[in-house]
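Below: one structure, written as structure tokens.
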Amino acid sequence: MNKIRSLRCLLPETITSASTAASNRGSDGSQFSVLWRHQILDPDSNIVTYWNHVFLITSILALFLDPFYFYVPYVGGPACLSIDISLAATVTFFRTVADIFHLLHIFMKFRTAFVARSSRVFGRGELVMDSREIAMRYLKTDFLIDVAAMLPLPQLVIWLVIPAATNGTANHANSTLALIVLVQYIPRSFIIFPLNQRIIKTTGFIAKTAWAGAAYNLLLYILASHVLGAMWYLSSIGRQFSCWSNVCKKDNALRVLDCLPSFLDCKSLEQPERQYWQNVTQVLSHCDATSSTTNFKFGMFAEAFTTQVATTDFVSKYLYCLWWGLRNLSSYGQNITTSVYLGETLFCITICIFGLILFTLLIGNMQSSLQSMSVRVEEWRVKRRDTEEWMRHRQLPPELQERVRRFVQYKWLATRGVDEESILHSLPTDLRREIQRHLCLSLVRRVPFFSQMDDQLLDAICGCLVSSLSTAGTYIFREGDPVNEMLFVIRGQIESSTTNGGRSGFFNSTTLRPGDFCGEELLTWALMPNSTLNLPSSTRSVRALSEVEAFALSAEDLKFVAHQFKRLQSKKLQHAFRYYSHQWRAWGACFVQSAWRRYKRRKLAKELSLHESSGYYYPDETGYNEEDEETREYYYGSDEEGGSMDNTNLGATILASKFAANTRRGTNQKASSSSTGKKDGSSTSLKMPQLFKPDEPDFSIDKEDV
């Protein structure tokens, strides 16, 4: 005997009884049948929850089906009733299908575990998995109610009881049919309402959206109107049949004319006796609901005959009866004119009471469902009104108020009032990590520096990222201000510019798009082995050109990640950092420009000296020294090429070179005199500041980390 393996590998979220065992089967099909036979389901599993939703919908549709039996009898001729065979067969078919679902629901309850009452002291409680205990508990509680709801009583009444009635089949409007249907509504209601509460307890809601919840409550109200309209129609037919029966009894008592019960059945219309009786009887005149001289009091049921509802086709008949039920249920029966007939009076009282209860429940439930849609909108309106009052109270300038309004509006459009951070923090760590990885991993991988990291550190970075919103015109960083976070752009465009510390005539700008990042000064600061607590200053001004959505990585989190990453040193990482850093790019571009200009000036001076072959080339006068020459040759190599100029431009070129040399020499002399202590206020203004090389991060391994 082998232990049957768990069904978790075949069906998700199902539980197999631990005490169940079976012999080893030869084929997979036999094993699968054994597994299904001994399978015990978790009441909170997805398969049970899905079945509860399906069975709830089926049960409500079955409640809609039963009142259609009331439309089977109709007035088929003068003083006779008939039955709609096609309607009866259609309703019977669908009602049988609904009964099959009830049978399957009984089977599901026999295989669904329950929580032991004694184990509910802490947590969810312990599931009882023994099939015998489950069956005994179910037989003692809900089994009889489920069986009573499953029995095909309306089918038996309409197809067996009424046709087998004595003295013909005239009494098609027998009250037994209505009684059976209404009585069976009781166990079906005992099934639906606890099932509804069980679904809410398991999933938290019966409908996922507010509109679906409102439609569900409205559907229940329409169901009540549907039942009332069908009962009114059947009662009208029954009231008409009662009038015919009373007149027939009077005729038989006087022994003037024989009135057989079969004459009230439309099947006897072709009989000679029936035709003779129709010509001489007073049934038609005494039971005419459209006549005001009729002694029989039809009361509220006369409308069914004055509007010819009893003789029209099924669709028109059903829609009119449904409208009648909606009208009187919503008005609590105030428009009904009744007679002294006891059944009619009780029916009107029932309509009034149920109308008051159901209409109150409908308004309350629909209001709750629809308010859940607008609760965030209302909270946003209140917050926006408070913001407006605060700005007016503090007398903020109009342009600043407009920027605040744009930010509040953009935040609402981006989040719809949902606090994403609180949602993420309420989830387990593993699930939160997976969500952050899904949202941020592809964006972080676009950063070449982070693309060199392993998945573990990338997960750590993704877990530290938080969402950030900026409106157009907002300065994210200002040049010289401390940088406290690094931004990864998701949507929008950002302008990153620098003036090299306010240098006159210097301006460098670039546009950041989705996938780019800014605040790379933090990388250098974080990778320094002995970095201070002071945050680095921003070398660029970063301003949002449009509404920007981004992820932000704080300085503390980046410091932690960078410290962990120092163990994974790579020369490729250093090159990637230099190449993609806007700060290093700006320095490199300026360095190349400066070197190129020096090269062009030196080449021009060489050409002049070679042409004149005397003394117009003075390295000291042009501002170059041996150190500059060695630096240039180190980066660019020695110059071996010469050049020539056109004779027509030679004179102008010589004069220009002399002017430049004199100007440069005067500037150097003033700068040197200022450094030796001479007080000359204009000398410092002529000295041009240099573009400093950015600090290089330390990618080496510390001894203490080894």
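Every residue, even glycine, has its Cβ placed from backbone N, Cα and C.
Given the structure is predicted, the values throughout are model-derived calculations rather than measurements.
If you look up Swiss-Prot, you'll see 1-53 (among others) marked as topological domain 'Cytoplasmic'.
The transmembrane segment annotation in Swiss-Prot covers 54-74 (among others), and the record cites sequence analysis as its basis.
Long-range contacts of the topological domain 'Extracellular' (75-86) within the same chain, counting only residues at least 6 positions beyond its ends with a Cβ under 8 Å from a Cβ of the stretch, are 170, 172-173, 237, 240-241, 244, 263-269, 278, 281, 283-284, 287, 305, 310-311, 314. The feature topological domain 'Extracellular' is assigned by Swiss-Prot to 75-86 (among others), with sequence analysis given as support.
For 87-107 (among others), the entry in Swiss-Prot reads transmembrane segment.
Taken from Swiss-Prot, the feature topological domain 'Cytoplasmic' covers 108-142 (among others), and the record attributes it to sequence analysis.
Residues 66, 69, 72, 88, 92, 95-96, 99, 102-103, 105-106, 109, 169, 171-172, 174, 176-177, 180-181, 184, 187-188, 190-191 of the same chain sit 6 or more residues outside the transmembrane segment (143-163) yet have a Cβ under 8 Å from a Cβ within it. Residues annotated as transmembrane segment in Swiss-Prot: 143-163 (among others).
Residues or ranges marked as topological domain 'Extracellular' in Swiss-Prot (evidence: sequence analysis): 164-174 (among others).
Per Swiss-Prot, the feature transmembrane segment maps to 175-195 (among others); the stated evidence is sequence analysis.
Residues or ranges marked as topological domain 'Cytoplasmic' by Swiss-Prot on the basis of sequence analysis: 196-217 (among others). Residue counts for the topological domain 'Cytoplasmic' (196-217) by DSSP state, with H, G and I taken as helix and E and B as strand, are 16 helix, 0 strand, 6 coil.
As annotated by Swiss-Prot, transmembrane segment applies to 218-238 (among others).
For 239-345 (among others), the entry in Swiss-Prot reads topological domain 'Extracellular'.
Residues or ranges marked as transmembrane segment by Swiss-Prot on the basis of sequence analysis: 346-366 (among others).
The topological domain 'Cytoplasmic' annotation in Swiss-Prot covers 367-706 (among others) and rests on sequence analysis.
In sequence order, GLU421, PHE551, ALA552, SER554 constitute the residues six or more apart from VAL466 (nucleoside 3',5'-cyclic phosphate binding site) in its chain with CB-CB distances below 8 Å. In the three-state DSSP assignment, the secondary structure recorded for VAL466 (nucleoside 3',5'-cyclic phosphate binding site) is strand. Summarising the annotation, Swiss-Prot assigns nucleoside 3',5'-cyclic phosphate binding site to 449-579.
Annotation source Swiss-Prot lists region 'Calmodulin-binding' at 565-580.
Swiss-Prot lists 585-614 with the feature domain 'IQ'.
Across the topological domain 'Extracellular' (75-86), DSSP classifies residues as 2 helix, 7 strand, 3 coil.
Here the Cβ of VAL483 (nucleoside 3',5'-cyclic phosphate binding site) has 22 other Cβ atoms within 10 Å, regardless of which shown protein chain they belong to.
Within the chain carrying the transmembrane segment (175-195), a Cβ under 8 angstroms from the stretch's Cβ atoms is held by residues 52, 55-56, 59-60, 62-63, 66-67, 69-70, 105, 145-146, 148-149, 151, 153-154, 157-158, 161-162, 227, 231, 234-235, 238, all 6 or more beyond its ends. If you take every residue in the region 'Calmodulin-binding' (565-580) and average the pLDDT, you get 60. For PHE551 (nucleoside 3',5'-cyclic phosphate binding site), the Cβ neighbour count at a 10 Å cut-off comes to 23, with all displayed protein chains included.
For ASN534 (nucleoside 3',5'-cyclic phosphate binding site), the Cβ neighbour count at a 10 Å cut-off comes to 8, with all displayed protein chains included.
When other Cβ atoms within 10 Å of the Cβ of PHE517 (nucleoside 3',5'-cyclic phosphate binding site) are tallied across all protein chains shown, the result is 25.
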